[in-house]
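Feature annotation from TrEMBL assigns domain 'Phosphotransferase system enzyme I N-terminal' to 6-127. Positions annotated as coiled coil by TrEMBL: 34-68. The domain 'PEP-utilising enzyme mobile' annotation in TrEMBL covers 154-226. According to TrEMBL, the feature active site, tele-phosphohistidine intermediate maps to His190. Residues or ranges marked as domain 'PEP-utilising enzyme C-terminal' in TrEMBL: 249-540. Per TrEMBL, phosphoenolpyruvate binding site is recorded for Arg296, Arg332, Asn454, Asp455, Arg465. Residues or ranges marked as Mg(2+) binding site by TrEMBL: Glu431, Asp455. Under the heading active site, proton donor, TrEMBL lists Cys502.
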Amino acid sequence: MAKKIKGIGASSGIALAKVYILDEHPIVIPTSKAKDVKEELTNITESIAKAKKDLENLQMIAKEKLGEEKAAIFEAHASILEDPAMAEEFTALVNDKNYNAASAIHEVANKYIEMFGSMDDDYFKERAADIKDVTERLIRYVLKLPVLDLAAISEEVIIIAEDLTPSQTAQLNPTFVKGFACNVGGRTSHAAIMARSLEIPAVLGLKTVLKDVKEGDTIAIDGVTGEVEINPSNKDEWNDKAKKFLEEKAELEQFRTKKTVTKDGYDKFILEGNIGSPKDVAAVLENGGEGVGLFRSEFLYMDNDHFPTEEEQFEAYKKVVTDMNGKLTVIRTLDIGGDKKLSYFKFPEEMNPFLGYRAIRFTLDRKDIFKEQIRALLRASAFGPVGIMFPMIATVDEFLAAKNFTLDCKAELEKEGVKVGKDLEIGMMVEIPAAAVNADNFAKHADFFSVGTNDLIQYSMAADRMSENVTYLYQPFNPSILRLLKLTIDGAHKHGRWAGMCGEMAGEPDAVPLLMGLGLDAYSMSATSILKARSIMSKLTLKETQELVAKALECETSEQVLKLVHDLMKDK
Ligand code: PEP
Ligand code: MG
């Protein structure tokens, strides 16, 4: 039976496909004795074969996406499954002690995990983690539970999950993953941001979707409106909708090669792309991006099993800067903490991690880690224009500490005879209200600002950007936010600096006319939003956007502001 639910449209596009349920429930090992020993043993043998096939598949995919070296891990995993000693131990427990298949594997695996895990050597500790990973997969097959392998998905599906972590999202292959629908999250959660850069439609904040679907169901999602239909009764309607969406997309094609210019000929606004890895540059350039306004460097750290070295980072930054071929690349220093965790580093437990030890607070405290990144950034700046940008700046002292540290590293490199770029700019994100209010003071020291509205809104409204319970407070169009933006942009201009925005608001079609009127210089967004923004700018004169802003700043509510925007855009 068809069932409709509604969530938050987080990445545009329409998709219709079979569900792939990402079941994160913990494995429960049955305690019962084996009823039929032969059956249990066959189950083990068949499950080993299935798990081995998965690992071969994963190795192939990883080789293509991540290279030979990283793919070797799956070969090591396969060799655990092929270990005859372990298989003999499973068999002995089933044969001699009547264990069921899952509990036999669990017991043997635990023995090795404990043994390797208690050794001091990191190599053996890692082996413990490998055994856990492989045997969990095996137990899932034995218990007929879904096996979670996002990178190995090889048929068209829509993923249904409680939530997707940024690294899970990064594994998705858009050829097969047609979309995803999650219980939690909103437009600015990192899963949403990555979905937009992968151009995968996504609906988040659905609350009940995991409960509403079962294996074998089909689901249709609308990543613009947030509408979702399980086992849709009218598939043709959904297919028509998908067609219309693609037609609109085609209409925007003409803006791919056009210059960014307003109706009255103002051509100083710059439209840029946000990226999470060097391979995202292609999409920015394909969509006519005029720069990279935000490279979220934390993904280099999150998709890794160690803090990336200066050399590893240098290669990544150099690739982006070179590929951008003379256009500005703004790279944000490590913005870790909050919802962004590292598998190889334990952050202190805090009541409010979003308000805690994260981003610049962490790197200023860990100069050893910071230095590797700053040196890599400075070296990359020799290959084209680079902006180094510090995240989560709250005070002028913090900014100066980070800037001076960067200048010290620069002097050190120059002393070593290493080249650093002439066009280097050192700027900051404005994502804490304290920084927005004090913007004119910051502008005495920072070369540029980039407003991180995703955080600025959550901190201004005291509304967690991850919580679907308070999304009603997450109001980019609230006059209080517009006033903070005005302070920021005016503060920058007072000292001859440029002001950009790299939060999701920059690519929001309803926001563009307001941001133009506020005088925002650079707009950095998901690559797929650039053409729409360019088309909107081409329809507006500066004067009408400035008049719009004058009225918007006097409004009381975000509904009133949005009405002004819709009235202006109605006949465009
Ligand atoms: C922001 O806060 O707006 C931003 C761009 O940073 P992130 O979304 O990575 O926190
Ligand atoms: Mg932020």
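Any Cβ shown, glycine's included, is placed from N, Cα and C.
Feature map: annotations from TrEMBL on the structure.
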residue	record	Cβ contacts under 8 Å, 6 or more apart
Arg296	phosphoenolpyruvate binding site	Asn274, Ile275, Gly276, Arg332, Asp335
Glu431	Mg(2+) binding site	Pro391, Met392, Val451, Gly452, Thr453, Asn454, Asp455, Leu456, Tyr459, Gly503
Arg465	phosphoenolpyruvate binding site	Gly186, Thr188, Ser189, Asn454, Asp455, Ile457, Gln458, Tyr474
Cys502	active site, proton donor	Asn274, Gly293, Leu294, Val330, Met429, Ser450, Val451, Gly452, Ser524, Met525
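Among the recorded positions His190, Arg332, Glu431, Asn454, Asp455, Cys502, residues whose Cβ is positioned under 6 Å from ligand 2 are identified as Glu431, Asn454, Asp455. Restricting the average to the domain 'PEP-utilising enzyme C-terminal' (249-540) gives a pLDDT of 96.
Among the binding-site residues Arg332, Glu431, Asp455, Arg465, the residues whose Cβ lies under 6 Å from any atom of ligand 1 are, in sequence order, Glu431, Asp455. Cβ atoms under 8 Å from those of the coiled coil (34-68) belong to residues 74-75, 77-78, 81-82, 87, 90-91, 94-95, 98-101, 104-105, 134, 137-138, 141-142, 147, 149, 151-152, 154, 173 of the same chain, restricted to positions at least 6 beyond its ends.
Across the domain 'Phosphotransferase system enzyme I N-terminal' (6-127), the DSSP tally of helix, strand and coil residues reads 81 helix, 15 strand, 26 coil. The DSSP breakdown of the domain 'PEP-utilising enzyme mobile' (154-226), given as helix, strand and coil counts, is 19 helix, 19 strand, 35 coil. Take the CB of His190 (active site, tele-phosphohistidine intermediate) and look out to 10 A: across all protein chains shown you find 25 other CB atoms. Cβ crowding, taken as the number of other Cβ atoms within 10 Å, peaks at Arg332 among the binding-site residues Arg332, Asn454, Asp455.
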